[in-house]
Amino acid sequence: MNAVNSAQISAPQPFDRKDAGLVLAHILFAFAALLLGGIAGLLQALVRAGMITLPANIGYYELLTAHGVLMALIFTTFFIIGFLYSGVSKTLGGRLLNSSRGMGWAGFGLMAVGTLIGTIEILLNRATVLYTFYAPLKASPYFYIALALVVVGSWVSGFGIFTQYRHWKKANRGQISPLFAFMSVIIMLLWQIATIGVAAEVVLQLIPWSFGWVDRVNILLSRTLFWYFGHPLVYFWLLPAYIAWYVTIPQIIGGKIFSDALARLSFVLFLLFSIPVGFHHQLMEPGISSFWKFLQVVLTFMVIIPSLMTAFSLFAVFELNGRAKGATGLFGWLKVLPWKDVRFFAPFMGMLIFIPAGAGGIINASNQMNAVVHNTLWVTGHFHLTVATSVALTFFGVAYWLIPHLTGRKLTPFLNRLGIIQTVVWVAGMFLMSGAMHISGLLGDPRRTAYTTYNGSAEAASWVPYHIVMGVGGMVLFIGIILMTVNVMLLLRAPKSGEAEEYPIGEVTEGSEKTPGYLERWGVWISIAVVLILVAYTIPLYGMATNPVPGSPGFKTW
Ligand code: HAS
């Protein structure tokens, strides 16, 4: 029997109590960051729309930094690591090794301390450098130390997952690992390799520079190291959502996983191609030759393939599920999907929105079109669809079964309905806000800017209606965040259910091909990934590091 389905054959087993504490701590910390980041997001949307002015001691860019760090870096990382630990505990033996759980708690502690220090530095207006902390904007050294703590904490958590996986493989020689666990290992491998870039930037460049031990910083090198990390960061966000789409959604809809091998291959392709592509965030940047930009754009288009494989696989799951239930007609399979089950509805809306969201990524990655959209609100619209909708809605959908499973409480029909309402509110708010961002971005409206009329420019005046729509969208989204926060709190206080709530792990379709063992040849995949990275980055990075640039002193523009 394929190990992937060993976890769900028996009736749902309650989650191991000690593991539940670790997972729940991560999930609740994530939602606390979402709420705080959402408050900042609401205020900045209202400022942008000209609807409010901030009190003198609160800056727009300070809010923007808080919003980006708490949403893009903290909400995602804590939720993801908690979710991965839950699946690794569930499918690799039913409970974590003490060593794995210990690393999970150590990682959580480091990340939580880093988050608290970083948030305090931001709110004390000592780190108004946005979530990309681009030099030569210079934050307090403690902000960079906080970032380093979050990264090191995530590394420790990653090793906790690797330790559990390795123990399972030793105890199950010759068996292919359960799909959830395999995918978790890929995600944390990708993360460990990608974060080397940002760790090098922060520890070797920004911390000494912010302490004044060196007075200049090589800007191009720091940005290149950041984007070496910055694009795989988006797949660190996306792939846990893909785990929910590949592994749990089939079980929730009463269907089957289309192909275990295809799902694993798509994740291997992400491991190979998601890192050597960072220059597609720097297409307009001087100092990088067009050859290396071109090479990394070609690799960027390679990383699109696993997303297309995922779409194919998901449509196959839905169609086969529908046909098995007697659905007829080209789209009959749509009708039999559990639309009234928020555990399906929220992730599905995330999937659906990922089609235009990802298509926007293809536009971004096309050099000529990037020249139009780079540094405009178009890009902000793009990532509010990708991470803030496709990923966030999927995480919300996961929370509606994960929290009940962890706490032994029920997802009541009332809470399910609240979840459906929250999803609709989120989609409506994002349609307004991201839609307006995309359009005004195409009209040239820059991102990362507070409210301004550009000295009464007619051009800028044409953007104002879109800013108002963004402000309205931001308010609707904030209602969505309040609703999600209330739903999480109600889930924690829901009535106890007699038996364990389901932890949905799908079964593989009968007759699908046996998963080849070579998909777990980690040495091969890591070696190919490293070779691709070396090909894409060695020469340009060598050039940046050895060409004596004057470097820049720090600037505090706030
Ligand atoms: Fe992106 C900028 C290119 C995906 C997030 N992106 C950003 C930023 C963020 C972000 C945060 O090339 C801003 C960073 C900053 O602050 O400056 N992005 C891409 C490409 C993809 C992509 C090629 N991005 C994402 C994902 C994100 C994310 C996923 C978060 C989770 N992005 C860029 C570029 C920039 C950029 C440039 C820099 C712009 C600039 O100049 O600053 C690809 O992964 C997209 C793959 C998607 C497709 C298209 C359609 C998809 C289909 C199948 C998928 C559908 C599925 C669902 C699986 C191939 C058709 C099935 C549906 C059912 C209904 C069953």
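A Cβ is built for glycine as well, from the same backbone N, Cα and C atoms used for every other residue.
Going by TrEMBL, these are the annotated features:
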- 24-503: domain 'Cytochrome oxidase subunit I profile' (DOMAIN)
- 21-43: transmembrane segment (TRANSMEM)
- 63-85: transmembrane segment (TRANSMEM)
- 105-124: transmembrane segment (TRANSMEM)
- 144-165: transmembrane segment (TRANSMEM)
- 177-207: transmembrane segment (TRANSMEM)
- 227-249: transmembrane segment (TRANSMEM)
- 261-279: transmembrane segment (TRANSMEM)
- 291-318: transmembrane segment (TRANSMEM)
- 344-363: transmembrane segment (TRANSMEM)
- 383-403: transmembrane segment (TRANSMEM)
- 424-444: transmembrane segment (TRANSMEM)
- 522-543: transmembrane segment (TRANSMEM)
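Two recorded stretches are said to be in contact when at least 3 C-beta pairs lie under 8 angstroms, sequence spacing 6 or more; the transmembrane segment (261-279) and the transmembrane segment (424-444) fall short of this definition. Listed by sequence, the residues of this chain that lie at least six past the ends of the transmembrane segment (424-444) yet keep a Cβ under 8 A from its Cβ atoms are 45, 349, 353, 360, 372-373, 376-382, 384-385, 388-389, 392-393, 396, 459, 462-463, 466-467, 469-470, 472-480, 483-484. Contact count against the transmembrane segment (227-249) (Cβ pairs under 8 Å) is highest for 177-207, out of 63-85, 144-165, 177-207, 383-403, 522-543. Tertiary neighbourhood of the transmembrane segment (383-403): same-chain residues 23-24, 27, 30-31, 71-72, 75-76, 79, 83, 86, 234, 237-238, 240-241, 244-245, 248, 252, 342-347, 349-351, 353-354, 356-358, 360-361, 409, 411, 415-416, 419, 422-423, 426-427, 430, 433-434, 437, 484, 487-488, 491-492, 501-504, selected by CB-CB distance under 8 Å and a gap of 6+ residues from either end. Only residues 6 or more beyond the boundaries of the transmembrane segment (63-85), in the same chain, are considered here, and those with a CB under 8 A from a CB of the stretch are 19, 22-27, 29-31, 33-34, 36-38, 40-41, 43-44, 47, 54, 96, 104, 107-108, 111, 115, 118-119, 122-123, 127-132, 150, 154, 157, 160-161, 184, 187-188, 236-237, 240, 243-244, 383, 387-388, 391-392, 395, 398, 402, 448. Here the transmembrane segment (144-165) has long-range neighbours at 73-74, 77, 81, 84-85, 88-89, 92-93, 96-97, 99-104, 106-118, 121, 133, 177, 181, 184-185, 188-189, 191-192, 195, 198-199, 202-203, 206-207, 210, meaning same-chain residues at least 6 beyond its ends whose C-beta is under 8 angstroms from one of its own. Computed over the domain 'Cytochrome oxidase subunit I profile' (24-503), the whole-number mean pLDDT of the model equals 96.
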